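Asker: One structure, as structure tokens, below. Some questions next.
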Amino acid sequence: MQRITITLDEELLDVIDRRVASQGYQGRSEAIRDLLRAGMRESEALPDDAACVAVVSYLYDHSTRELPRRLNQTLHAHHDLTRSTLHVHLDAGHCLEVSVLQGESGRIGELSRQLMVERGVEHGQVQVMPAPGQAKVR
């Protein structure tokens, strides 16, 4: 095994520490490895060229410089995948967006990653399903 260093904000570290305690892990490393494995399984669920539908949701701080514009540009650059988007103002500083996407799994994964790695996006999640008539996710 190799040792790496990562930087986490205190809130995220608290979440990991609570998971360590509630799930009975010996330490943070195994909990983080399990989370990484789950993320990798999720991203490998469908072949890149498989037709699918997806829901991508993300919560962000709309005061982050240029973030709303960047998110909007990213969605417009992939307008052929976007079926619908819901925008919710949660409080004075945070918004939630939920987009329904349809297209090839690889392109949807790429779009989802582009949205969620933006600075100021605090939480994000993608749920991918085979399009009607397609094989089930393995």
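Each Cβ is built from the backbone N, Cα and C atoms, and glycine gets one as well.
Pasting the relevant annotations from Swiss-Prot:
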BINDING   His76, His87, His89, Cys95  Ni(2+) binding site
Asker: Within 10 Å of its Cβ, which one of these binding-site residues (His76, His87, His89) has the largest number of other Cβ atoms?
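Answerer: Per the Cβ count within 10 Å, the most buried is His87.
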Asker: Where does His76 (Ni(2+) binding site) sit by DSSP, helix, strand or coil?
Answerer: helix
